[in-house]
Amino acid sequence: MASTLVVFLAALLSSSSACTFEPSSFNSTGIVCRFTKPGALVLNQQTAQVIQAAFRHATYPNITGEKSMEFLGKVAYGLTNIHIDDLSIENSDVDFKEGTIVIDIQNVSASFKGTLSYGFVGAAWWLKLIHFIDFEIESSIDLQINTKLTCGKQRLAVDTSDCYLTFHTLILHLQGDKDPGWLKQLFTNFISFTLKLVLKSQVCKEINFVAQLLADFVQDTSANFLQDGDIGVNISLAALPLIEANFIETHHKGLLLYKNYSDSFHDSEYTPSLLPESKMLFFWFSEHVLSSLTVAAFLDERLELTIAGGKLKEMFEHEELESHQEIMREIFHGISYDDSLAKVWSLAPPEITLQPKGFVVKSPVAVHLSVSSREEESPLVIYFEKEVTVTIQASYEQKRLVLHLSEARIEPRMIKCSMDVAVNDETLSHILEKIITVAGIPEVISRIEPTITSLMNSKGLDLFDLRETEIITQNGYFILQMDFDFPHHLLIDFLKKNL
């Protein structure tokens with residue numbers, strides 16, 4: 001089961017369908033997750049809890065048999081109600097070898113209890129069980145789990161069938177007596193051999209079961225994390241998982257899932273050299289993933305914003321517009337911001353390009369501004385369109401998304417006004433562009449930050465202790481890289497709910 005901890009974050013992202021990959025898998029890769037050796041060592045600290053869960057959750061079948069004894073004839077026996085009573089783990093190590101995650105668990109001290117029944121078989125093969133004795137088995141075990149990451153129905157599958165238990169000690173105590181004499185001599189040797197086979201079979205079977213259970217849970221949670229309403233991401237595997245000496249790497253399609261929208265992608269920029277090994281966890285995202293998400297947001301009518309009342313007044317009276325206040329008073333003479341309203345929306349899906357300087361977003365934007373006037377029955381209505389291009393740098397600090405506007409460019413497209421104003425269209429357009437630059441764009445960013453942060457936290461991101469998180473943009477892709485401390489309580493809660 002320790003293997004599931006190693007893949008706990010490497011399992012982030014997958015879906016379903018047949019495991020068929022293109023000859024050049026990287027070409028269809030939209031998202032990559034790289035999980036390094038230091039991250040595995042952090043997760044390995046949770047091994048004890050998982051191994052204990054595997055031992056305790058395992059069901060141990062009854063052991064029955066017969067033994068021929070000189071002078072006594074045949075003795076029939078049965079071990080029933082076998083269960084784990086106590087368990088401790090001294091040490092656990094994890095290592096990556098090409099194609100395999102090797103988990104070594106040293107000195108697992110386990111105590112099993114149950115009931116021993118025995119009796120004698122007569123000449124007529126008539127069996128009469130006349131003795132029932134409580135027993136306790138003390139054992140010292142080493143485990144080695146050689147874990148493979150495979151693909152099943154386009155999901156990440158964990159194979160821990162290459163599992164070994166080595167018994168250093170296996171001591172049978174009857175009725176708490178440490179020296180039961182002939183009875184101990186009668187049963188210990190041949191029961192111990194059978195018991196070793198049963199323990200190995202059941203424990204390794206349970207480790208494999210819990211490993212896949214946790215891997216499925218992580219993948220289902222990850223798919224849910226990348227979905228909101230009708231918008232989702234197809235994160236099925238684009239290639240077989242890769243295990244190298246210093247990292248695990250999984251490749252995912254990253255295609256848009258939105259109603260009947262059809263998405264395709266066959267020109268990935270990914271190569272393994274793009275990701276280093278300096279952090280515990282890396283995510284690589286193609287520009288295509290963001291572009292397709294903005295298309296879905298546009299089609300889902302999410303790229304709309306309403307600004308009213310005091311917030312609109314605050315924007316119009318921004319300190320950087322002080323030199324324009326006289327002209328604005330002429331334009332908006334007698335205005336009442338209490339009933340004023342601005343509606344902003346994107347006329348087409350925004351174009352997103354990723355460059356070293358940041359996320360470059362270009363979009364045609366329409367604004368419908370209705371400003372109430374005390375002197376006119378009808379409000380002043382100004383409709384205008386602008387081509388807005390902004391460059392945004394992003395970071396994740398104190399469990400919240402932070403967006404920094406580093407550059408903005410606005411190009412006029414058209415302007416309409418419901419009545420004559422005191423200035424010409426060119427001056428009006430210039431004033432509106434200034435308002436958009438110094439107040440409008442920052443207002444949009446200030447709303448996006450908490451919205452996305454709230455969405456991520458609703459999926460449980462704030463439960464993870466992420467450290468030194470960096471968002472790095474390059475030509476055609478961006479990278480999330482981070483260290484982390486694994487929240488112990490999350491694993492405990494999962495084991496309690498599922499085992």
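Placed from the backbone N, Cα and C atoms, the Cβ positions cover glycine too.
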Identify the disulfide partner of Cys163 as annotated in TrEMBL; candidates are Cys33, Cys204.
Cys204
Within 10 Å of the Cβ of Cys163 (disulfide bond), how many other Cβ atoms can you find? Include all protein chains, please.
20
Taking the Cβ of Cys204 (disulfide bond) as reference, which residues of that chain separated by at least 6 in sequence fall under 8 Å from it?
Thr160, Ser161, Cys163, Leu165
